[in-house]
Every structure is written in structure tokens, then in C-alpha cells.
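Report on the following structure.
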Amino acid sequence: MMTAESREATGLSPQAAQEKDGIVIVKVEEEDEEDHMWGQDSTLQDTPPPDPEIFRQRFRRFCYQNTFGPREALSRLKELCHQWLRPEINTKEQILELLVLEQFLSILPKELQVWLQEYRPDSGEEAVTLLEDLELDLSGQQVPGQVHGPEMLARGMVPLDPVQESSSFDLHHEATQSHFKHSSRKPRLLQSRALPAAHIPAPPHEGSPRDQAMASALFTADSQAMVKIEDMAVSLILEEWGCQNLARRNLSRDNRQENYGSAFPQGGENRNENEESTSKAETSEDSASRGETTGRSQKEFGEKRDQEGKTGERQQKNPEEKTRKEKRDSGPAIGKDKKTITGERGPREKGKGLGRSFSLSSNFTTPEEVPTGTKSHRCDECGKCFTRSSSLIRHKIIHTGEKPYECSECGKAFSLNSNLVLHQRIHTGEKPHECNECGKAFSHSSNLILHQRIHSGEKPYECNECGKAFSQSSDLTKHQRIHTGEKPYECSECGKAFNRNSYLILHRRIHTREKPYKCTKCGKAFTRSSTLTLHHRIHARERASEYSPASLDAFGAFLKSCV
């Protein structure tokens, strides 16, 4: 009822309002009508939405003299607070974020408040990110004779009057708590937020000398803080994960080779088992270097195993044949004779059945020969031994640095053909690995494995210090540097060290003055893509301001005629 009286009072003619010094009240009524007009504009897409800053300023600038009593003042404050914080849409955490953001902006120097108003951050984290970007941009531009760093920030802080601060907090608390107590509506996702702090002056022109001079006085090159780079961290994690996967694969392959015995076993059953193990090792090596031949190798191995099983059965039925075979294998005749076995085999050659032609010799030198299980191929550089010459050839590429496989599109070279095949998918856009949950496709199977952990929530890598779990081993490695204090990434220019490579990349842009992210509207460049995204809001507000007051009045009249 008090609100109705207030609105009747605000409907006075301009002359009567001037006599009672109520010009502000008439202005508030016009704004209320405008808000009512915006509230009915939920079905039209060409009209910009109302700016939450209008509601925040009304709440902050509301005066007791504009009301006819304390009850009406409290009711009006609740209404304005409800319009600003929008508890029917925002959650408690989001409302708290709005209040903290406003207070954070209010304690900054006015020059920084003006600079931040241009971007209108939605959260305290965005505001901090913008300030850190400004620090990176202006760290090399030091103004002599000025006070720098935290001391300058402390001087720029203008605290609120105690009475004003206390009353403002109480009204905020009472308004929000009252709404949550009596409201039964379930909070929805945040759709819009209140943006800058109270009593922020109008922003100057972009890049004004006054703005740049004050900003450069606040930061120095020695106060370079590490900044999060979300858009670069993803590619970095995938890159490191791929390298670790390759190292783990090579280590596993070497361990398998070492586990197989170097002596050639005697006896039919032991020989069969050793040949099976050696064939598995060969199949693993082939699949690591030539992924496309895995199916063929497994098929050949299965045929060999079936034939060897049949041979073992025949030997058990014929003990004399088995004895003759053992004597032949253990005798010195192999080193003296070399004969080729092809096609039809005699009884002495049964048990050799690989279905291929090969030569019996004391020294095996070709990949097509029967594996012996010995590591006869030794690297002259590091002394590492291999069972096959092809594995030694691939290993020597590590020492020589040879990259014979070159991409025809971009000229990038690789040491293995399988790596070239994976690289060419970047140019062709091929993504053969698809997620069964959401249908998203990837060019590498390793990327699909990482993606599937989003659906499963799997985090197999746990920190021993604090128990925090991660889905990737690279994330765990980065996290553990917080406990150890390790900073392996050092700047070659100034010697400053960082615990993440992404931080070092961002830091180097201070020396190179690189700004790779450029706005297509005005041509302004930035060091990070996230800052460019915030910059786009300036152009969005410019498009919204193109609506003239005359068009808004005509739209309001149209809405009234529809009622």
C-alpha cells in the first residue's frame, strides 16, 4: 500500500514536483515505466535486454528523502534490491559473487575502476584476470617518480563511511534473506549479472593518455604474477600426455624383451612355449611401430600356434620322432649345414611349420627367419640390445635424429611412418575415433580415452600429499609441483622460473610484446583469447545503444495499446 502511495506521489506534474523539490522522484517514475516496458519485452528479439547496472545504481543511490516514511523506504529498498540481485534466477552463491565483485571494484583506485568499467566483468575472477593482463601489458612501461605496487593500490583505496557501509550491508542482508525465506521457487541458472561498482565515473575514451599513465604507474616489471591460461592448458595437457604415453610404451616394450630368456630351450613343450613368447614379443614390437599390420601379425601368430599344437600331439604319439628331433636340435649339424626348406617337408622337418620358406643357419640375420629369443642386435651408441634388426634400425633413429617421413602438406618430418599418418589427419580432418556417449569424434585414440573420463568421472591419478585425484597423469605432475615448489620452466631472458610451461609462454610475451589475439571489429590486439572475449562486450553494448529514445517510446506505446 505504501508502494502505491509512493507511485501516486511520483506521478505529480513537473511544476508541482519542482515546488516540492521532487525532480528525482519524477525521474524514478520514468525509469519505472521504462522497466515495465522492458519486462513485457520477453517475446521480441530485436530489442536489447535491460542493463542490470541501472537497477544496481538505483539501489545504491536511493535516498531516504525520496520516501514518506521508514516503512516505505525499506519496502522500496527491498524492491530495488530484488530487481538488481534477481534471487528468482540467481543462486545464493551467485548473489554472493555479485556483492563481492562490487566491493572489490569499489576498493580499487578510480582510474582502475574506469578501466574495468569498459569491460564489465561478470565475476571477481574476470576482474582479476583483466588486471593481470594490464600488468603484463604495462609492466615494461615504468613511470619514474611514482609510487608503485601495493603501496600505490593502498593509497588509491577509498573506504566507505562506517555508517553508510553498515546500513548498506544490513539492507542487503535483510533483502536477500527475506526473499529466500518466503520464496518457494527453485533457483535457476544465472542469466544476467550486475556489473560495475558503485559511484564509478563515466569511462574515458579508449587508450586515453591519462588512463595509460595511471595504469603504468601501478605495475612494474618485478611484480609479474602467474596467470591461469585455460585456453592453452588443454593443448599443453594433451601434448604432455602423448609424450608420456610414448615413453611408457617404449619402456613396456623393453621390459617385455628383457623378460624373455636368452637361452634357446631344449625339448618339444618348452620350445613351443618359448616360440610362443618370442612371437608375442615380435607382435608387440610390430604393433608399436606399424599399427596397421597388427591384425595380420595376430592372424599369423594364431595359425602358427595351431600348427605347433598339432605338432606337439604328433610328437606325443610318436616318441621316436621326438627323440630324433631333440638330437638333431642339440647336435652341431646346424652350424655346418644350411639347407632350404620349402613346400613339402619331410618327417625331420615337422615341428618347424610356420607355413613360410626360410633357411636354417647358426646366425639369423633377416626378419623372416625363425626367432631365437636372443638379443643379438646391439646398438653401438648406447649398448642396448634387440632381438630383431628392424627394431635396432628404428632405435638408431633416436641417436641420428633422422626423420625420413615428411608431410607433403606442411613439410613437417617424422621419424616413424605411424606418426606421419597421425599428423596427416590434421590436414584431412579425419576423426575415426568416436565417443559412444555423445558422438564426439577425435583424430587420436588417446584423446578419446581422455574424453571418455568426462562421462565416467574416472580419476585414477591421486596425490599422495593431499589426496586430490586427477584424470591425467600430467595434471598430477603439475599439481605435485605445488607441494615440492619445483619450477622447471625458466625464462631465458630474465631468468624467472615457473611451474607450468603455459605460464612461461605468457611471460615471454612481455619481452616479445606479442599479442596474437586481434579484434576483427576495431583491430585491437590482446595477449590472451579470454581477454579478447571480454573485449567483444564493448562492441555488443555499442550495438545495443543504437536504439534511440524515440524508438523506445514508440515501442512502449505499442505495448500499452496491446493491453
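Heads up, the Cβ atoms here are built off N, Cα and C, so glycines get one too.
Annotation comment: Swiss-Prot describes 1-51, 257-373 as region 'Disordered'. Taken from Swiss-Prot, the feature phosphoserine covers Ser13, Ser208. The SUMO2 cross-link annotation in Swiss-Prot covers Lys27, Lys181, Lys228, Lys280, Lys299, Lys304, Lys339, Lys375, Lys412, Lys440, Lys478, Lys560 and is backed by a large-scale study or a structure entry. Here Swiss-Prot flags 56-138 as domain 'SCAN box'. The domain 'KRAB' feature in Swiss-Prot is assigned to 227-300. The compositional bias 'Basic and acidic residues' annotation in Swiss-Prot covers 270-289, 297-352. The zinc finger annotation in Swiss-Prot covers 377-399, 405-427, 433-455, 461-483, 489-511, 517-539.
What Swiss-Prot annotates, mapped onto the structure for a quick look.
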residue : record           : Cβ within 10 Å
Lys375  : SUMO2 cross-link : 17
Lys412  : SUMO2 cross-link : 14
Lys440  : SUMO2 cross-link : 14
Lys478  : SUMO2 cross-link : 20
*For the zinc finger (517-539), what does DSSP give as the number of helix, strand and coil residues?*
11 helix, 4 strand, 8 coil
*For the zinc finger (461-483), what's the model's average pLDDT?*
89
*Pairwise CA distance, Lys375 (SUMO2 cross-link) versus Lys440 (SUMO2 cross-link), rounded so that it is a whole Å*: 44
*Could you put numbers on the helix, strand and coil content of the zinc finger (489-511), residue by residue per DSSP?*
11 helix, 4 strand, 8 coil
_Please report the distance from the Cα of Lys478 (SUMO2 cross-link) to the Cα of Lys412 (SUMO2 cross-link), rounded to the nearest angstrom._
29
_I'm trying to understand the geometry here, so how far is the Cα atom of Lys440 (SUMO2 cross-link) from the Cα atom of Lys412 (SUMO2 cross-link), in Å to the nearest whole number?_
28
*Counting each residue once, how many in the zinc finger (461-483) are helix, strand and coil under DSSP?*
11 helix, 4 strand, 8 coil
